[in-house]
Structure formats: structure tokens, C-alpha cells
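Taken straight from Swiss-Prot:
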type     : residues  : note
REPEAT   : 236-273   : repeat 'HEAT 1'
REPEAT   : 275-310   : repeat 'HEAT 2'
REGION   : 426-473   : region 'Disordered'
COMPBIAS : 428-462   : compositional bias 'Low complexity'
REPEAT   : 487-524   : repeat 'HEAT 3'
REPEAT   : 525-561   : repeat 'HEAT 4'
REPEAT   : 563-597   : repeat 'HEAT 5'
COMPBIAS : 767-792   : compositional bias 'Low complexity'
REGION   : 767-796   : region 'Disordered'
REGION   : 993-1057  : region 'Disordered'
COMPBIAS : 1000-1013 : compositional bias 'Acidic residues'
COMPBIAS : 1046-1057 : compositional bias 'Low complexity'
Amino acid sequence: MNKKSHQQQVLQQQQQQQQQQFQQQHFQQQQQQQQFQQQQQQQQQLQQQQLQQQQQQQIQQQQQIQQQQQQQQQQQQQIQQQQQPQQIQQPQQQLPNFSVPIINQSIISNIKLYSTFETLLLSLSSTDTREQTKAIIYLSSLTINNKSNGIDLVYCIQKQLVVEAHNHIKVLLINLLGDISLDPFIDSFHILNKLLYLIRNEKSKKVLSSCLININKISKSLTFSKGNDVNSSSSSLINQIIEYIEPLLHSTSPLVRRETIVLLGSIVKNLDKESEEIQILLLNYLKDTDFRVREASLKSLSVIFQRGASLSVNKLYQSIILLLLDSFEQVRLECIKLIWIFGNIYPNHIVVSGGTKIRLVDDVFKKICNAVNDSSVIVRNCACKLLGCTYDVSLNYLIQTLSKEVMVWGKGKQYQIGHSSITKQRLQQKQQQQQQQQQQQQQQPPQQQPSQQPNQQPNQQQTNVSGTHIATPEGDFDVVGSDSLNILESGVIGAFIQGLEDEFYEVRSSAIDSMCELSVRNDEFAQKNIDFLVDIFNDEIESVRINSINSLRKIGNNVVIKEEQLHIILANLESSSKEERQSLHRLLTSIHLSNYSCLHATTQALLMNLSRYPYDIHSIFETLKIIGQTNPFTEFIVDDLLRIDPKFASVEPNMDDIFYVAVMVLVLNSCIKNRNILSLLPSFSFQHHLYFKDKYPKYFPQNLQKDSNIILAPTLKYSSVVNNNNNKNNNNNTTTTSIINDNGEINQFLNLTLSLLYGDNNNIINNNNTNNNNNNNNNNNNNNNNNNNNNNDENDENLNYGFQRLFLNQKKEIQLNKLFQECKRNFKRISSICLSLKPTSDFYNKYLKILTTIVSSSRRFKTITTSNQLNHLLYKLNHKFIGVDNNCKLILMEIGIYSFIIEILSTITLSTSSPPTTTTTTSSTSLFTSINSTPIELSNDQINQLTKKLNEYFKFSNDFKLEISTSIKSLLDLFNIKNNNINNNNNIINKKDKKLKENEENEENEENENNENENEKENGKNKEKEKNENDNENENENERPSKIQKTTSELIKTTTTTSTSTSTLIHYNLIEWTDNYIPPILKISNLIKKKSVDVILPIPNDKPIEFLDIFPLKLMINAKIENIRNLDSLFIQSTWQSIHTGQLNSQIHIIPKSAFTPTKPLSYNISCSIYLSLQNIRHNRLSSKESIPLRISIVEQFLNNNNNNNVTIIPLSKFVIFNILPVDNVNLLPNLI
């Protein structure tokens, strides 16, 4: 019992222990399940968060799409509302809105665009091959920022290569190693050792070839593959590489053998010692069974040569040329490239070809000519290109490439088949020999004839065979059975003809290029080329035709074009391609015409081209200009071109006739070298030349004749401009002629124009004291002589007093306008004739516009628009010209003060004008309030700004010691601006003397007036009245400063009584000052330069630029700038006009500093790209197919002096138009797919 109980107890204890163990295991399993569930929950939460984020992004995108659709609907509604009143009925086609960019959500969800670097490394060890490939692709596109990331990446890749079982993943990992080995943070030697280890232990062919490719990539980046100098460490590495890859040369895989051969050719450490061994090794692999290995061996030989080794011609050449008959085109292509290297490096090396010795370059040329007949297009194209690059080829081989003739050699004589190279003398000799034999046979006795008949019959048969020419026509030679004659290889014969007749246009174009290159080096070959190049003008492909035209142009100076060939060239001027016609125009300028009939045919063809395509006018004019300058035959066809008949008087043609202008371009340019043509021209042609050289200065010569007998410039009648009332006496007036032939005479013409503008006596206003004294003395001496007075009056009428005298006389407004027009015409003419004086004449022309605005405002009324016009012109004069002297700057500052005063007064009148209660009329003479009206006060800001400008003017004149004008002195006195350093005692004494002189002059003038009144009563002439009025005007001019002082003193007296403020007094004085203001005389003392910007026109294309308006539009801008100092002030401006509102929309784009490339001092070339944001611009058109003109120009920005916030923009170039066409996503959808 005890035993049983004890056993039971033991069993119970064991059961309890087992239950406890089971409970513990169950508890552990529950814990593990809980942990696993927690991990799953966390993963689910993360996935849910990612899904929520994606959903939020999709919702945001949908909201943006809805907003865009709403905006588009609103814009469409606005457009429909605007189009309803116009009642435009157009078919409406509602297309689906595809303005949203296409986004593949599945790709974005699978590929984590914003994954961290650690997650990508973890994905490399994933079991999913798709995830591995995605990670490898993204890692290859990333850049390594630091060294630690590079070490981690290399470690992970190496670790995965040991474990990876898939070969395609191994290939991707090895390629990734090769890509990152080029990074500076990566140790490339370590990666190289790892790849060599893989080569030793790997058996996969794909993995081995990938290792060899990446080893070659790494070796190219190292220094030991770039030359002969090798360090000890790199030499050991090279030896190690060779040891590892040498067994792979016997691999069964052709891919492995190919990559091994390529690698051996690129890592040879000592080219002088080991190159021969490598060449022998590669020579053995030229006979490999796989074409890829043969191709690789040929490439390796060329690589060894490019690295500086010398190739053994005797060992390699005969084996290489056997591969020209290889069945694979890649091998044949590399073969002709390699033998081309042999031919150019060792041209005079003698080789044996067909049992004869020949120069290596000639034999290579023959082999390449054979390749022109190859079945592969790639080989034929390469062969045609290499023919032109083969140098020092014998002339007989070059000539044979242009004909289908078979060339044979025997006993030093040359024969041809297919052409009559055998002369007629040789044929006559044969005929004479035959006749002699027949005569000898007839003279023999008849008894002997039968005995000789058996022997004679074969001879007669032989003579018939050799004597008759039925088998070989006249001029040919029978080479059948001639053992002493060797026929050349057929590949050379007609090689270029075969290339020109190829069915692929790439081969034809390459043949044309090679013919052109060989013709440049050989004149005889060039002369034979012309027929074939001209025949290609009829090719069906436009690019081939243009290439042949340009090739003929390059050799046109060395050859002579025949008349038949010229007619073929001229016939192509009817082509519809603009580029082809322009190429033909350039060709006609480079060829030599043989006779005058060719010149006449060329001229007529160009005129026909002008009538059919008027847009070619500039190209045709340039062609006729160069033809006229280079051909001496124009003298013989002048009568036909101008339709001149010596029997009849010539009729003056219309100068606007474009065909007459084209003929005159040819004729007048021929006069430069052939002066005899001038005597054949009618008289009106010289007058037409003056008009043509101003209208077309680029195509007409500026000088025709240096003799003084022929006057080429018109006479300028200055008195007729000033005194238009005396038209009857114009014949008696003095005239001055100006013959503009060189820069000195152009300067003289400019001075005459300035004297016409400013007067014969430029200081007529400032120096009236001396003039008045002389006039008084003359009047006192000649009071009793009326005839002398009449003569003096006539002389005074012939004088030119300039614009200031006419400006003072209000009755001579028409004469003043004519004076300005004449001066403007002269300035424009000087700008078109002389480039050195163009900036100066342009400056005077701008100043003339300032004078016209001041005169027009003084005659009518002064508003804020006149001030804006003056400010705009002043900005151009101050900022668009370089090198202006200080006197001109001071005058421009004076005009700036005048324009600022007009701006102040105009703003006051506008602010004080109240709305009329009844109908009132405003006076047309002035918008300013009169002095008797209610007092107006100036603001303190306006007074401060005006005083600031006056102080700047005063300081500038003192710094450079310049004289202050009388009009500005009155303003300085008004505002009490003085300088104690300059206003010394001498100036005070001079002022007193001037006052005394003025008083004396006033007394003398009164006496003169009395005497003149008596003479008027006696003679009763109207001319003396006009003279007295002019004298009174001169006196008023001298007394104007004193008048201003008197008015100020009178106003001071009135203001004391009426108790007005000083600002009202200043207002009245400024009104008086503007009414009496006379613009000063401006003269430039030195040569100046003008800023110029030329935007290069884009390539002409009929199709507009299509773009999506939701994305920015990229445009490439090229320009040339000159005389620009501050490059930071230059910007690119783009403008387009709205069709519906008419407003101009503009954008300003910054030009980066890297876009400027200097060409000469202060001159640059600009090349940059701009991005235009043109959203919703497609609504700015009436139809979906209508393009929008976009204007691009280069401008300069300046801060306004009055207000720093305002910016003034000055255009420096003419705008260039880009036609753009906004399209919907529907049109671009196939391109995106």
C-alpha cells in the first residue's frame, strides 16, 4: 500500500509539473500572440495613416481641380457675355476638360517617393524582387551627401551580393556599385577589389560580363588608364586585374570574351612594351567564331592607338582587310574605321595588293570605295564619310571615283572602256595598214594565189577579226585576252556616283560632304565634281539639295561654271523652300560667271524670283550687290537692264519700283570697279542714287565719283527755308552745295545743318549788344541814303537767324515748323550715311524733338502731357548716350527744371479748377490762371523740390566751372540761391557795366526808332516795318531779365497792399518765366556713343509655338549689346495685348550674369532662357486656332529722381515677335501617353 501510494504521489507530482509547464507554455504563446497582434495593429495604423494622407491629398487635388473648373467656367461666361453684343455666331463644341495633369496613383502608392535612405537600404534585403529592383533604381538616381552614407550603401550592397540567389538582382547591384564608384565619397579601389573577387568565385555569364563592364568603367576614371606613367600601387593593381581576367579569355560565353578583350585594351599599363603582345593576342581573336568578339578586338586595337601606341602595319593589315568580307555589318564597320587609321597614319607605307606594290593610303582608299557598295546602310554611310577624310590619295584614283570607266595599265599607256580615249590618228593608222595588205595581195601573180589560199584564209580571217570594229565600237578598246594589262579593282570606279545614287538620303548627303572636302584640296578633282553636284540639285530630299548647294558654294572660287550648269542652278530658284532659295543666292555670289550672257541670265532669274517671292528682297539685293562688285561684264548689259535706246530719250522710271531698284543695285555696285559705266547712265540715275543710298544704305555704295564734275548731292537753300514769303527772289539767294563723300564732308554737312538750326550767328541772343551798336552806327551814317538801306534790308533778309529768332516772332510759326522738318531730314540722312556720326546726329534729333515740344506748348497751352513728353526725351538723352560733355548735361538739367515747373503749374490749375455751374468756355492760349485771378499758393513740397533742383544745377555749374544761363539766373535770384565764392567783385562790376550799356542802348534804340519812322513815311516800304519789328524783338530779348525783375518788383508792391503770401508771388513769377522761356543752344564738342541692343530674330517658322498655359513657357533669347556699362539695369520685357480689353500685359525678366559673354569693351552677347507664366491666355483669342503675338524686347530700368518708388523703363531694342498658340491638354494628350 505504501508503495502504491508513493507511486501515486509521484505520478500526481509529475502530472502537476506537466500541467505547470503546459500552462507556462500556453502563457508564453498568449504573450507572443498579443505582441504579434500589437505589431499588426501598429502596421495597420500606419497603413491607415498613409491611406488617410493619400486621401487628403486626393481631396485637395480634387478641390484644386474644381476651383480650376469654376474659374474656367467663369471666364467662359465672361467671354460669352462679351461676345453676345457682337452677335458672333460660331459653332460651339464642348470638349471634356483635360487640364488636370495625368497622375498614376498606383505608381505613387507603390513607389515611395519620399522614403528615407534607411528604408531604401532595408528594401535591398527584401525577399520581393520587385521591391528590390525599385530600391536599386531609386538609389542609382540619388546623390550621396556624405561619406557615412556611402560606406553604409557599399556595405549593404556587398552583404546582399553574398546572400543573393537571383542573377538579375546581382547584375543590378553590380551596376549600382559601378555607378556609385564615380562619387567622390566612395573608395573606388575597394569596389574594384570586390568586383575582382566576384569574378574569381562567380560562374554566371551575365554576372561576369556585368563585372567586367563596371571594372572597365572604374578603370577609366582612375589615373593609370590615361597614360604611360604608372605608379607602383596602380601597376600592381593592373597586374592583379590581368591575372583575374586572363582565364576569362577562354570562356565559352562570347559576351564574357568580348568584355574581357575590351578591358584588356583599355588597361595596358606600358604601351611601348606590352602593346605588341596585346596586338598579337587581339590578332588571334580576329578569327573568333562569334562576331561580337571580332568587333571587340577591332575596337580594342583602335583604343590602343588612341592611347598613344603604335600599331604594327605588317602584322595586322593583311589580317584586318580579310574582315571586310565579314557577314556581320558591325565587324565590317569597325574594320573600315581601323584601316582608315592605318591609311592616314602611314600613307606612304608600301604594301602588296594583287601582286603589285602600292601605297597604303591608295589601297585603303580602294577598300573604303568597295565598302560604298556594301549591303548595309550604316557601312555605306560611314564609308562615304571616311572617303572625304582620307588625305594624300593619288589623283588617278580620285578621278576614277567619278566615272563608270574601267582603267587599265600596260606598257605605260592608258586606255579606257566606254569613252573615246583612242585618238583618230591610231584608227587611221590601222586602216592604212589594212589597205596596204590588200594591195600586196592583189599585186601577187595568180599562180601563187591558189597555193597560198589555204594559208591565206586564216590570215584573212584574223585580219577581219582584228580589222573590223563590229564587236568594239569606234573609240573603245578590247581588253579581252590582253595579258599585259591589269584592270583596277571595280570598287574605286564610280564610288561617288554609287553614293550619290543611293536610295537612302543619309548616304547621298555623306557622299556630297566627302566630295566637297576632297575638292577643296584638289582643284582638278573639283572641276570634275561640278556636273555631279549640279545634278543633285534635282534630288527629292530638301536637305540633300541644300547640302549640294552649300558644297558647290565652298568650291565655287576654284572652279568655272559653264553656261549649261548655270541654267540648272537658276532653274532651282523657283523652289518653294525659302532656305533652299537663300542657299542658291549665296551660291551665286561665290561662283565666277564666264561671260555677259551668263550675267544677264542670272539677273533675269533673280528678278523672276523677286516677282514670285517678294519676301526674298533682302537676300536678292545682297546677291546682286556682290555680283555687281565681282563681275566685269555689267558694262555690256546696262542698256538692256535699264531699257536705254540711244535713238530715243530715256524715260525716268518710278523710284518705288522694286525691280528698278534691284537693277540699280547691280549697276551702281559695278561702277565701283568699272568707271566707264558712269558715262552710260542717264542723268536721273545720279539723283536716284541719293534717294536709294538713304533708303537702302546696306546695298548701295555711298560714293560713286570722286571727280568734282559730277555733283551727287542736292543743294541746300537755307534762305528759302527761313524766308518763304520771298519766293520770287530765290534765284538771287546764295546757295551752298554739299558733296558727301567722306567723313570730313559729312562733318561739314552737320555743321551746316546746325547753322541752319541755330542761325548763322549762334550767339544772336547773347551778343545783341555788339549787333545793336553796329546797327546804330549804320543807321546814323545812312539816314539820308535810302538805296543803301534797301540793300541792307535785302542782305538782312538773306541772313539765317535760327529757331530762336523765329520762336520770338509768333507770325512765323509755319517757317519754324519747316525749319525743324528740314533739320530732322538732314539728321536722319547723316545717321544713315556715317556710322561714326550716327550717335551725334541721333542726339541732335532727340534734342530737336524737345525743341518742337517746347515750341508747340508755348504756342498753345502747357499741360502735364508736355512735361511727361519732355521727361521721357530727357531720360533717353541722359541714359541712352555715353560720353556727353558737361555743357550738354547742364542744358539738359535746365530743360528738366522747365519741365518740372510746367508739371507744378499744371497740377495747381487742375486742383483749383472747380466744376462749372453754367456753360463756360476755356481759352485755348493757356491753361494757367492769369495774374488778375484769385491768388494761388504753392505747397511747401513743391517749393522744396524746385529749390533742390536749382541747387543741383547750381552745384553742377560750380563744380565744373560752367556758365549759368540768364533764364536760370532769374530763378536763382527769385529763390535767393547764391554762391559767395564765385560771385566776386569782378562779377558785380561787370553787372554795373552791363546796366550802363543797357541804358545807353535803350536811348540809342529810341533815336533809331524815330529815324526809321521818318524813312517809312518817305519811302512807304513794308520791308522796313518787318525789320523794325525784328529789331524790337532783339531788344526785348536783351531786356527780358530786367523785365522779369520789374514784374517781380511790381508784384512785390502789389502784394504788400493785398497782403498775399510769398508762395503766390512765386507762382506768378513762374508763370511769367515759362511764358518768356527760350530753349538754349546745344552743341556737342566730342564724339559720343549710343547704346544699342539687337535681339536676334528666331528661326523663321510658319508654325506657332504650342504650349500649355497652366505651365510656364520657356523661350530662348539671343541678343547683341554695345556701349552698355551697367549690366544690372538690363531686363527682358515681354508684352502681349488683350483682344477683349485692349490692354497691354507685360512681364519683366531678370537677365543672369552668366548670360553675358564679352566680345569687346562694353559689348556683350546675351544668351539666356526666360520662363513666362501665361495662365488663362488662351481666352485672349477669338478662335482656338488663332495665335497670339508675343513681343520680346530688352529694356533698361532707372529709378525716378522725383520719387524713388517709381521706375522708368527705356526700351533699347526693337521688339521681336514670337507667335504662340495656347492649346488644351486634349491636343497634347497623345504626346504625354
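Cβ from N, Cα, C; glycine included.
Helix, strand and coil residue tallies for the repeat 'HEAT 2' (275-310), in that order: 29 helix, 0 strand, 7 coil [DSSP]. The DSSP breakdown of the repeat 'HEAT 1' (236-273) into helical (H, G, I), extended (E, B) and coil residues amounts to 31 helix, 0 strand, 7 coil. Per DSSP, the repeat 'HEAT 4' (525-561) is made up of 30 helix, 0 strand, 7 coil. Here the repeat 'HEAT 3' (487-524) is broken down by DSSP into helix, strand and coil counts: 25 helix, 1 strand, 12 coil. Residue counts for the repeat 'HEAT 5' (563-597) by DSSP state, with H, G and I taken as helix and E and B as strand, are 27 helix, 0 strand, 8 coil.
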